[in-house]
Amino acid sequence: MLSIFKPAPHKARLPAAEIDPTYRRLRWQIFLGIFFGYAAYYLVRKNFALAMPYLVEQGFSRGDLGFALSGISIAYGFSKFIMGSVSDRSNPRVFLPAGLILAAAVMLFMGFVPWATSSIAVMFVLLFLCGWFQGMGWPPCGRTMVHWWSQKERGGIVSVWNCAHNVGGGIPPLLFLLGMAWFNDWHAALYMPAFCAILVALFAFAMMRDTPQSCGLPPIEEYKNDYPDDYNEKAEQELTAKQIFMQYVLPNKLLWYIAIANVFVYLLRYGILDWSPTYLKEVKHFALDKSSWAYFLYEYAGIPGTLLCGWMSDKVFRGNRGATGVFFMTLVTIATIVYWMNPAGNPTVDMICMIVIGFLIYGPVMLIGLHALELAPKKAAGTAAGFTGLFGYLGGSVAASAIVGYTVDFFGWDGGFMVMIGGSILAVILLIVVMIGEKRRHEQLLQERNGG
């Protein structure tokens, strides 16, 4: 691996008296680094959409621009997986800021170089590149969280961290307005968020650290005395990419089930998000400002929803991620049916449905990522999360744009909703299968430990 990305070497252990205060201070500091670092990736993820109306005025068709934008999702799905495998053998302190600076550089290029927005092919290639660098955001955060927080704390910490993308996702339109006020140039949609992202990358590098051992601290399991079922000394050894795949990812049946469930969770998440402005306008006769508010509320309702979901998965369901997912996905399916069946002319009900769906859907998105981290040993965590993300983006995101779009063209909005609701029912079934499988695996490990 490129030598700048090499994991930081383990240091001699600090004196016992210093371990607790150092651990506490570093955990806060590192959390700020991965929270704002990851939020900043969202500054340069969806900001191209803000420039699209101006590109339509230049004569590009909406369909073509949609195709160019899909470059981000396609590249991101692959990259999250491949970069996940690379990040399991890299220092997250260097890895996360590097990806952020590269993604921002692509956006600066698109903002300042006239031919970069001159053709669909060029835009697709540049957005594909940006999407590729975007994949360097999640895996180092996942690696950091499994090394610095123990299993019992992780649901809460992952759910707070997961709000970063809702926080980051809401900021680009504000930066764009600021840029328009200062420069009166629509390219500000591309370069304003990019400048901010670079500043945050420097902040993240200053705050983040690699493993506890690289700071002279004991592994988290020892510090918190919280060992997972299958923890042993081998869990601290770094693994090769081939070992990670062949031993822990490909043969892991439960990981395959949650990866496929992820396709259907993403189908609903992006199906509602991407199509709500069109649906609310065409079917529910919403004005532009109302449908924009609905979109904003959907994103921001995800914050309390994710926090509640993480808290419930730790405290109410006692770490049973499958059961929590079933609970939230069942409720979100009901909310989607109400949203679809509600007749035009009741805008309040539609707004409430958008808030409820946003509140409920981001929890399962977070849980599946967390669940993947826990189904694999911690040195394979990035690869496992990337594996489920690959399915989510390539299957779910692309299906949400293309399949839902074509279904609506041929069978009307009822057809589109049937696809999304059918998908979320399949997600519930798959999560029930995982729940049963986990219970069996847990009992088997207990038996081996007690009797074996």
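Each residue, glycine too, has its Cβ placed from N, Cα and C.
Within the model, the topological domain 'Cytoplasmic' (1-36) shows a mean pLDDT value of 85, rounded to a whole number. The annotation topological domain 'Cytoplasmic' is assigned in Swiss-Prot to 1-36 (among others).
For 37-57 (among others), the entry in Swiss-Prot reads transmembrane segment.
Per Swiss-Prot, topological domain 'Periplasmic' is recorded for 58-63 (among others).
Sequence annotations record features per position, and here Swiss-Prot assigns transmembrane segment to 64-84 (among others).
When Cβ-Cβ distances below 8 Å are used as the criterion, the topological domain 'Cytoplasmic' (85-93) is approached by residues 1, 5-8, 33-34, 136, 139-144, 205, 208-210, 238-239, 241, 244-245, 379-383, 386 of the same chain, each at least six residues removed from its ends. As annotated by Swiss-Prot, topological domain 'Cytoplasmic' applies to 85-93 (among others).
The annotation transmembrane segment is assigned in Swiss-Prot to 94-112 (among others).
Sequence-distant contacts of the topological domain 'Periplasmic' (113-120), counting only residues of its own chain at least 6 positions beyond either end whose CB sits under 8 Å from a CB of the stretch, comprise 51, 55, 58, 60, 64-65, 67-68, 126, 187. The feature topological domain 'Periplasmic' is assigned by Swiss-Prot to 113-120 (among others).
Per Swiss-Prot, transmembrane segment is recorded for 121-141 (among others). Listed by sequence, the residues of this chain that lie at least six past the ends of the transmembrane segment (121-141) yet keep a Cβ under 8 A from its Cβ atoms are 34, 37-38, 41, 44-45, 48, 65, 67-69, 71-76, 78-84, 86-88, 90, 92, 95-96, 98-100, 102-103, 106-107, 109-110, 115, 161, 369, 382, 385-386, 389.
If you look up Swiss-Prot, you'll see 142-160 (among others) marked as topological domain 'Cytoplasmic'. Distant neighbours of the topological domain 'Cytoplasmic' (142-160): 26-27, 30-31, 34-35, 84, 87-88, 92, 208, 210-212, 219-221, 223-224, 226, 228, 306-307, 309-311, 313-314, 319, 321, 363, 366, 369-370, 373-374, 378, 381-382, 385; these residues of the same chain sit at least 6 beyond its ends, with a Cβ under 8 Å from one of its Cβ atoms.
Counting same-chain residues at least six beyond the ends of the transmembrane segment (161-180), those with a Cβ under 8 angstroms from any Cβ of the stretch are 31, 34-36, 38-43, 45-47, 50, 141, 145, 186, 188-189, 191-193, 196, 296, 299-300, 302-303, 306-307, 310, 362, 365-366, 369. Here Swiss-Prot flags 161-180 (among others) as transmembrane segment.
Cβ atoms under 8 Å from those of the topological domain 'Periplasmic' (181-189) belong to residues 47-48, 50-51, 54, 110-112, 117, 172, 175 of the same chain, restricted to positions at least 6 beyond its ends. What Swiss-Prot lists as topological domain 'Periplasmic' is 181-189 (among others).
If you look up Swiss-Prot, you'll see 190-207 (among others) marked as transmembrane segment.
Assigned with DSSP, the residues of the topological domain 'Cytoplasmic' (208-261) fall into helix, strand and coil as follows: 31 helix, 0 strand, 23 coil. The topological domain 'Cytoplasmic' annotation in Swiss-Prot covers 208-261 (among others).
Residues annotated as transmembrane segment in Swiss-Prot: 262-282 (among others).
With a cut-off of 8 Å between Cβ atoms, the residues of this chain six or more beyond the topological domain 'Periplasmic' (283-287) that come close are 294, 344-345, 347, 350, 413. Positions annotated as topological domain 'Periplasmic' by Swiss-Prot: 283-287 (among others).
Remote same-chain partners of the transmembrane segment (288-308), defined as residues 6 or more beyond its termini with a Cβ less than 8 Å from a stretch Cβ, comprise 159-160, 162-163, 166-167, 169-170, 272-273, 276-277, 280-281, 347, 350-351, 354-363, 366. According to Swiss-Prot, the feature transmembrane segment maps to 288-308 (among others).
Residues 288, 290-292, 294-295, 298-299, 329, 332, 336, 339, 350, 354, 357, 361-362, 364-365, 368, 388-389, 391-393, 395-397, 399-401, 403-405, 408, 413, 416, 419-420, 423-424, 426-427, 430 of the same chain, all 6+ positions outside the transmembrane segment (262-282), place their C-beta atoms under 8 angstroms from a C-beta of that stretch. When Cβ-Cβ distances below 8 Å are used as the criterion, the topological domain 'Cytoplasmic' (369-387) is approached by residues 80-85, 87-88, 135, 138-140, 142-143, 145-147, 151, 154-155, 158, 162, 228, 230, 234-239, 241, 244-245, 248-249, 252, 254-255, 258-259, 310, 313, 321-322, 325, 434 of the same chain, each at least six residues removed from its ends.
Residues of the same chain lying 6 or more positions beyond the ends of the transmembrane segment (347-368) and with a Cβ under 8 Å from any Cβ of it are 158-159, 162, 166, 258, 261-262, 265-266, 268-269, 272, 276, 280, 284, 286, 290, 293-295, 297-306, 308-310, 313, 321, 324-325, 328-329, 331-332, 335-336, 338-339, 388, 392, 427.
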